[in-house]
Structures are given as structure tokens and as C-alpha cells.
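Novice: What follows is a structure written as C-alpha cells; I'll ask about it next.
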Amino acid sequence: METNINVILYQDLPCFLLFTSLHLFLPKIIEIIFKKNNIGFYERKRIEWPNRIISTVNAIVTSALSIYCLYYNEWIVNSLRSTSEMSYFIFKFITYYFIYDFIISSYYSKYLFTWGNLLHHTIALLSFTFLGGKGLAHHLLLSYTFTEITTPLINLRFFLLDLNLKNHPLYVINGLLIFVGFVLFRVFYTSATMFDVIFNQPHYSIETDPLIPFFINFVYPAITLLNLYWTFYISKSIFKYFTTSKNENSRIKNKQD
């Protein structure tokens, strides 16, 4: 009973208060900043900007704690069964975010809902609940929470577009970093971690819980395919940007000639 109370006080309550406070106060803060800079703050921005900022907060906290948990905290003896207090907290934190985002995206579906996010959030919530909650595959799950490191770049891209800064050099740099981040972390890093467990870890061949092979054989391919789709979409966007810029420069040069 005491353990449950501690979990509520030191994990559930802070997570709930953080996301609730951000949801309540961020729109007002952003509106003040926008008005001071003579930027319109209409309905879409009132909904999307706070949502993106909260997404960024979640990504920074989750990825930073995941890096610490994976590389600066020697607890991983068995990649499929080892757990730590930090890994449990990370899954609790990101679960609260996904629940929050799912509710907000459903309520403001006109602006926020996408089928890709619905699929991603559903798979993530089921994995963190049934695997993470049972103390299974924390190492593998952390390799995914770590890849949230790319999310702030995606949100920055949205902010730059929304502020009409598509021609700013930062927009190009940001797009390239997103592409590299997705390929490096969301595709290769997670795949390398998964293959290491399957082929190099002795615990996989003797694992008896059916959730482990289900995660590796179904969840991992589904998330990877989704990440590959997003990577393709990003690369297509970058290619279109450079092609358009090149054509525009040629048109200007021809006019000058």
C-alpha cells in the first residue's frame, strides 16, 4: 500500500500536474508573446502551438532520461527482463503524454488528428502498458523512447513554417537534421538494438513470455514501417524544397539576362 502511495505521489501526480498546467497556461503565455510581436493568434494557432510545445517538452524529458538510463546507469543485465526505477518512470511519463495527446487530438481533430499519430500512440500505449508494466523489454522500449530526440526538430519545422520562415537557412538545416535523425535513430538505431537482442543475447532463445516475440515480430515491424514512411515523406519534402529553390533561382537569373 505504501509503495502504491509513493508511486502516486512521486510519479503519477507530478506527470498529471505538469501536463495539466501546460495545457491550461501555455495558450495564454503564447498569446501574450504573439500580441507583443503583432502576430495573429487565431483558433488554429491557439490549439496547435501549445500542443507542439507540450510535445517538445515530453520529447526532451523522455529522450534525456532515456539516454541517462541506457548509457549512464548500469542496470541492464538481461535486455528482456532487467528493469530500473528510472525506466518505470520514463514509461509512466510518456504514457501520460500519449493519453493527454490522444484526448486533445480527438477533441480538436480538425487541427490535430492524423491516422499516423493514432497508430503510433496506440502501439506505444499498448507496449508501455503491457510490456513495460509487466517489467518486460525495458531495454528495447527505451531504445524507442530515446528516438523522441527527433521530435523537437519536427515541431521546430512546424513553427518555422507557421511564422513564414520557409526561406530561412534554419529551415533547410532543420529539414536535413530531421532526415538524418530519422534514418540514424528511428530506423537504424532501433533495428540494431532489436537485432542485437535476437541474435546476440542468450536470453531471447529461452524467453517464455509470449509478449516478447509478439513485440519483436509485430510491434517492431509496424513502428519501423511507420518511421520509414515518415522518413520517405521528409526526404520527399526536402527534395521538393531544393528543386523548387533551384527552379526559382534559374527563373530569376533568366529574367535578369
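Cβ coordinates come from backbone N, Cα and C, glycine included.
Since the structure is predicted, the reported quantities are computational estimates derived from the model, not experimental observations.
The annotation transmembrane segment is assigned in Swiss-Prot to 14-34, 53-73, 88-108, 112-132, 169-189, 214-234. Annotated domain 'TLC' per Swiss-Prot: 44-243, in sequence order.
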Novice: For the transmembrane segment (112-132), I need the partner stretch with the highest count of C-beta pairs below 8 angstroms, choosing only from 14-34, 53-73, 214-234.
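Specialist: It is 214-234 that shares the most Cβ pairs under 8 Å with the transmembrane segment (112-132).
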Novice: Residue list, the transmembrane segment (88-108) vs rest of chain: Cβ under 8 Å, 6 or more residues beyond ends.
Specialist: 11-12, 15-16, 19, 23, 47, 51, 54-55, 58, 61-62, 65-66, 69, 114, 117-118, 121, 124-125, 128-129, 132-133, 138, 141-142, 145, 148
Novice: Using a Cβ cut-off of under 8 Å, list the residues of the same chain at least 6 residues beyond the transmembrane segment (214-234) that approach it.
Specialist: 116, 119-120, 123, 126-127, 131, 137, 140, 144, 175, 178-179, 182-183, 186-187, 190-191, 194, 197-198
Novice: Over the span of the domain 'TLC' (44-243), how high is the average pLDDT in this prediction?
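Specialist: Its mean pLDDT is 89.
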